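Structure record follows, encoded as structure tokens.
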């Protein structure tokens with residue numbers, strides 16, 4: 001009944017406070033004045049009726065007084081709506097229609113208040129301690145509220161006119177600043193921190209305080225700040241998330257919300273969600289089970305969707321599914337922010353995920369992109385297979401990593417001889433990243449040579465914790481490893497596999513640091529003129545080898561790239577610039593492409609298109625420095641080209657729903673990108 005009453009009177013309120021289409025407030029009814037953010041509980045009216053200090057006579061007098069005040073305020077509202085729309089307005093006319101004959105807390109008799117004559121407008125002091133109090137806030141996006149609205153706050157960059165129009169006088173120091181000056185100041189402060197985690201916290205604080213400045217700084221300084229807001233620093237942040245936690249970012253959906261997930265999604269203030277990054281925290285980077293504290297990963301990924309891919313921040317939703325943790329350290333940590341119970345498995349887990357996926361589609365529609373992030377192997381493959389045909393889903397660990405690695409390999413063909421099919425690949429690590437990369441390489445070779453996929457897979461070999469994956473181990477292998485179990489004698493170590501297989505490309509996805517030993521790298525260099533070595537595990541501490549080790553042990557012959565960044569290294573007078581096979585090259589542009597064409601499903605050919613588009617962005621100058629990836633300084637342009645290629649493939653496959661197709665997809669992608677420069681307010 002209470003909700004119906006609100007809905008009944010909202011149209012009249014909206015009409016009374018309507019704005020012209022050119023107004024800056026026209027498209028922001030929930031954030032900019034004079035639209036209201038009103039939060040209350042349905043128990044408010046019943047609380048007033050049950051006040052022990054209010055007699056029947058008093059309530060009648062209060063109701064009469066209230067009616068007179070409401071009529072007076074309605075007249076004033078009509079006058080002011082014809083004049084300055086930005087002035088503060090009262091809510092009495094709206095409230096009166098909702099509460100009916102019940103008295104209003106705004107009309108509490110001053111004799112019933114406490115606190116030295118200050119009126120208790122909201123009845124908090126008037127109520128006894130055991131009575132429920134309505135958590136009222138009536139605010140407009142001006143003054144103090146505007147300064148705390150991260151989407152519209154500009155700090156000292158508010159102009160003199162804006163300070164007058166939006167009641168900011170006295171709430172800010174008198175100095176005026178530009179966004180560029182604010183950026184220089186923030187970068188100076190960030191560079192003064194010696195500990196990376198301090199820089200991470202400073203950036204997260206800025207994101208919650210001034211959203212546009214955060215993205216402006218990140219875009220303009222992407223090579224410097226990418227390791228701060230994402231890997232490797234985000235790994236440490238997740239490990240310490242409980243201790244550094246200040247305010248929630250995103251949605252936490254735990255087992256407590258089972259059966260109510262749809263309601264929880266509706267608690268999120270935005271309705272036009274285009275990208276969701278979701279994790280259950282079981283395999284965070286190479287750090288293992290971090291449970292609820294894995295939220296740093298979805299938050300970081302979506303920051304890059306906006307900064308690198310241009311997806312609007314308001315269209316992004318980070319979600320952590322808290323299904324427990326098996327990390328004993330966290331279970332015994334008094335500051336742990338998640339459920340202190342063991343992880344659920346089996347059918348209970350499947351049912352929980354099914355409810356979540358159904359609720360997402362019901363809330364946000366068919367075309368919301370759901371990115372699975374850092375799920376354990378046994379769940380990652382199953383979820384991708386189960387929901388790949390019913391939802392628009394993407395697994396960055398499997399598909400994003402595969403796409404960026406394939407792009408590096410395609411680019412590297414200009415530095416090494418032969419086509420992709422002429423090379424032999426050996427992987428250390430047979431999990432979701434390793435098998436995902438292997439599958440996409442096999443698909444690309446099959447596409448180029450027209451050979452069957454089963455045949456092209458024989459060019460790729462995998463080593464797991466038990467040694468080389470071979471057919472004699474078939475009975476004990478997990479299902480996703482079986483396509484890579486070829487005929488060969490069993491081998492126990494990576495070095496033995498390197499010496500026997502003689503690969504031209506060595507790829508590490510093991511999540512275990514320092515596993516590309518000196519003997520392994522020297523063996524690769526002994527039978528390859530330019531061995532291609534990719535140490536992809538994150539964070540930096542888990543990399544299979546460092547750039548310095550790869551160049552030194554190979555005597556400068558290696559073409560090297562890693563998952564986390566390494567500084568340039570000089571060897572015998574020559575400076576080597578290591579490439580970074582970072583998923584951030586792919587997923588922001590891929591997501592933008594999926595969104596802008598209205599794709600309804602993700603197809604493998606769209607991933608191949610993204611890889612080929614990225615490989616084309618490597619310039620001759622990059623090749624001269626031994627790079628197989630372009631610099632991140634051009635990432636927005638790179639993302640636009642990837643988005644265009646992905647969208648073109650979706651249109652070709654009949655998976656795009658947005659019609660008509662734009663003539664120039666690159667220009668269209670650029671026009672869709674969010675730009676973080678400050679806007680001027682009326």
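Just so it is clear, glycine is given a Cβ too, placed from its N, Cα and C backbone atoms.
According to TrEMBL, the features are:
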type	residues	note
ACT_SITE	301	active site, proton acceptor
BINDING	283, 538, 582	(S)-malate binding site
BINDING	373, 374, 397	divalent metal cation binding site
COMPBIAS	50-83	compositional bias 'Basic and acidic residues'
DOMAIN	398-651	domain 'Malic enzyme NAD-binding'
REGION	49-87	region 'Disordered'
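This view paints the features noted in TrEMBL onto the structure.
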residue : record                             : CB count, 10 Å
283     : (S)-malate binding site            : 24
301     : active site, proton acceptor       : 27
373     : divalent metal cation binding site : 29
374     : divalent metal cation binding site : 26
397     : divalent metal cation binding site : 23
538     : (S)-malate binding site            : 23
582     : (S)-malate binding site            : 26
Quick one: which residues besides 373, 374, 397 have a Cβ within 8 Å of the divalent metal cation site's Cβ centroid, in sequence order?
279, 283, 284, 297, 372, 375, 380, 395, 396
Cα distance, residue 283 ((S)-malate binding site) to residue 397 (divalent metal cation binding site), nearest Å?
10
Compare the Cα of residue 283 ((S)-malate binding site) against each of the recorded positions 301, 373, 374 and report the nearest.
374
Whole-number mean of pLDDT values that fall within the domain 'Malic enzyme NAD-binding' (398-651):
95
Return only the integer: C-alpha distance in Å from residue 582 ((S)-malate binding site) to residue 301 (active site, proton acceptor).
12
